[in-house]
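*Asks:* Annotations for this protein, taken from TrEMBL, read as follows:
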- 19-65: domain 'F-box' (DOMAIN)
- 437-470: repeat 'ARM' (REPEAT)
- 486-528: repeat 'ARM' (REPEAT)
- 527-569: repeat 'ARM' (REPEAT)
- 745-787: repeat 'ARM' (REPEAT)
Amino acid sequence: MVVRTLAMVMDASKRVEQPNAVSVLPDEIFEAIFSHLTALEKARVAGVCRLFRDIAYRPRLWRSLDTWGLGWDRKVAATISSRCTDLEELTARGAVAALSCIHLKARKLRKLHLDSCADLMDAALGVLIGRHEGLTSVHLDGAAFLTNESIEVIALACPLLESLRVGGFKDCVDKEALTVLFEGCPKLAELSLTDCQMVDEGGLAAATQLQLLSLAGCKVSSWAIAAEVLHKLPNLVGIDVSRTEIWTTNASYLLFNSQSLSILIALDCRCVNDAFISSRLLSLCPRKLAVFILDGDLTRSLACVRSPPNGVAQAAAEVPPQNSPTKPGAKLPAETIPLRSTQTPHLLPMVQTRAQALVTSIADLPSLVSPSSSPLKCTEPGPPVGKSVWEAEEGNDDAVLTSAQRRAADWVECALVHGLQRAAEKKAELERFWLQNGTRALVALLQSEQASVQEKAAVTLADLAIDEADTVTAHVDRSTSIYKEGAIGPLLRLARRPVDSLQGEAMKALGNLCVNKHAAELVVQSGGIGAFLRAANSANKWVAEEAAGALWNLSMNDSLKDRIAAAGVLDALVGLLSRWPKDAEVVQERVAGALANMANHEATSFSMVNGPCLGVLNRLLRTSSHEGLQEQIVRVLANLAAQGDCNTSNNVAIARTPFCLSALVALTKDGPPMLQIEAATALWNLAFDEGVRELIAAEGGVHSLVGLAKQCCGGEFFALQERVTGALWGLSASQGNSVLIGEEGGIPPLIQMARSASEDVQEAAAGVLWNLAFDTRNARIIKAEGGIPALTALSVSPQSTLLAKFMAVLALSYLCDSQAEKDRHYVLRPSDDRKEVFQRISAFVDEHSQHYVSEVPHLETLPRAPPAPKGRRWEVLPGKGPSVLTWQVTSEASTMREVGDLRCSDFEIERFTLMLRDPYETLQHCAAFALLQFTMPGGRHTPHHVAAMRKAGGTEVLSAILSNSAGASKKLRCLVELIVCNIEESGGHTNHKD
């Protein structure tokens, strides 16, 4: 919307005749527009004209800055330092970015957040903090190398500090450092020491001003001593003890004896659990408590903390009186008495009676909580305490949170999202929690007013939606729970925020959700495609990377590909490939991955080959050295060629693209294994086209593939073996390529792969050997290299596919027929192992032809009937015996459907036709069975095979066999009769060009 508004302003300015029409508009309009742009977008707009540069660089538009994805370093910081004079909030990611911030002239800086600063040292932090004495909030996350000296420096340099969050300290936070901190920062109201190695609880005794304390994941020497110290703090309102070893007795002592404590966060805490909350002892606590545990309803408690003060009376009126009946098993509200402390009256309710128990339902919070069909479970000992039970300040009747109340609510959200993020590391152990309450709480946190909370919630949702980050496999239950809790809408809203980190993490979460088919459909219905395209065009490379990944995952759903294409995504993806420079290969890789998925769809593949897509892909394939990008580009070509099996225009278009075939051949020779697999797959698909397979051979494809087959045949590289063998299978359909494969030494590795443990490798190897055995020179090499035992074993192996057995039998028939014996050197002499080969061939033919041979005992006595209309079948006439068209039923039962994808050349069909007259009856049966399968109605290449038979004089041969009832066996005559019926059936609708 912001970009559209800016475009409208520019268009309006062009319609004005004055040359400086833009300057007529007030600067406030442009400032309002530019305030919705990210840092990189403002820098891009600044290059339009001098006026835009002056406005975009004004310091008041740079009051907040996040270095996420900006490539932040010293040079960048020095470049924009003049714009940061009014900078108030700075978030730096990484130690390098943190050190670069020293060069900013941000004297008005109030909030400093350093994230993932594991390499940051005390001296560097001291220099950075020392230049910004007006800091009120300092957050240090992942500060592994910082020591107590850093805490003392912060205490001395930041007298106005109100919030300090430190995470990941490896050093013990000792008493001296804490004492200096509390004395040097009298306004310090919030202290978070999360995941620190050790905290000296004695140093907390001086924190009289402290209101909010987090010790999540920290160790203390004694929780009994810590509880004794903490309960004496007069202003302590909330404490976070998540992932600690605090005992139930220590927690009870702290809650009962503290004068002000009303918020307890104990996520993933062993002793503070549902049993502790339900205990009768805790129900006697003199105050209302908001307790956050994994067993409880976090969303409900969070909503109460965020609700305004004037909701108390209305919510309290909904609670039944004290003596009213309650549901069985319902928990009684905690008894309340007047508070003994009046030091912080604005934070806590002055509760006078027990009738003020407060229970806020989800129905009262439609804007904060997504609806759910599951009933809510109240886990609080009484009504949850939060801002819904905090009384407003005296004289303030408006529903406005005070600063202290807002700070407490913000602290609760930060503590919760951090605890949930850490709990996501144990997804399997906490599966029940995530499905019942965890995802709902994260969705509620997505709608926080704090960008850091929203970002962490999106990160956690992205992690929960999948099982493994590497394979991107959707976890069905968790991803379903996430989108059913209403996460897609808030995530799409975050994707439109002018904050790069929010856009990027929202795109990542949405992309991971799109792996779930139903979630992907909901994303599309919610306008996710447009959001992905806008983010993919972001000036921030990391945002574009996550958006491209989301499009990649979305395009895996076949049912959505038409809608994706209709939205103009194909042209946008091709434009993204051309837009990004060489240092953005990851973006280009994900864009190419999306195109590869879209190419695996017939309609979209044809539109891709007719546009600029192939040219852009070919250029990147030849110029880029990024392995991931090359792999995805080759996948695009392979998928486009796979669609060309029905329409060879795709294959021809790829082959005509300059240097495309040569690049694929080069990758099979010198590329890494994954690229070799994809390149071999592309060549396999392209080799289905007769003209293209000759071009591949001309580019050295046979030599490269045979060399690769020799390299990989010995191991268990089944994926590579299958693709290489498949590519050779496609190329060997040409007589010249078949001879070349034999001359290059390709037969020995193929025989070895015919013995592979993988049935897919066996099938492809059998297909190549079948094609190679057609030539007598190759046939002799097959025999010499031990190919006959391999083929015979393959024809009877229970681990082999039916298609592999069929092709092995056909290869064996080539080695034995009279055509092979025309050469003076027999391939198989009568005295050799021809008997065993014939037994294998005969066993296979008998097994797969006995069904319909037994069903047609008197086929020769039946009159011929016309073929059935297309889509219809003849029925058996009662009392007439077997119908003349019984073959239509029985042959379907014995049809090998996989054979319908095989395409034989005219020479192969002619050879099978001649084999019908072979002196050996076994070969006659084999040839008849093969022709029966190749001419089955409905087969992809049946019209071609029928035409080839007629061209080779097959009809005359078939008629001669049927007329010679004395010389032909019953099985042969049955098979031939069925072939004739197949030919007549196909002859009725073979008008199209083959």
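Even glycines carry a Cβ here, placed using N, Cα and C.
TrEMBL labels come from automatic prediction, so no person has curated them.
What you see is a predicted model, and the numbers here were worked out from it, not measured in a lab.
Structural setting of the listed features?
*Replies:* Per-class residue totals from DSSP over the domain 'F-box' (19-65), listed helix then strand then coil: 29 helix, 2 strand, 16 coil.
Panel annotation: around the repeat 'ARM' (437-470), residues 66, 91, 113, 139, 294, 296-299, 302-303, 367-370, 372, 410, 413-414, 416-418, 420-421, 423-424, 427, 430, 478-479, 481-482, 485-487, 490-491, 494, 497, 499, 501-502, 505-506, 508-509, 511-513, 515-516 of the same chain, lying at least six beyond its termini, place a Cβ under 8 Å from a Cβ of the stretch.
Using a Cβ-Cβ cut-off under 8 Å and counting only residues 6 or more beyond its ends in the same chain, the repeat 'ARM' (486-528) has close neighbours at 1-2, 35-41, 66, 68-70, 91, 370-371, 439, 442-443, 446-447, 451, 454-455, 458-459, 461-462, 465-466, 472-474, 476, 479-480, 534-535, 538, 540, 542-543, 545-547, 549-554, 556-557, 559-560, 563-564.
Counting same-chain residues at least six beyond the ends of the repeat 'ARM' (745-787), those with a Cβ under 8 angstroms from any Cβ of the stretch are 702, 705-706, 709-710, 713-714, 716, 718, 721-722, 725-726, 728-729, 732-733, 735, 738-739, 793-794, 797, 799-801, 803-805, 807-808, 810-811, 814-815, 820, 822-823, 825, 827-828, 907-908, 911.
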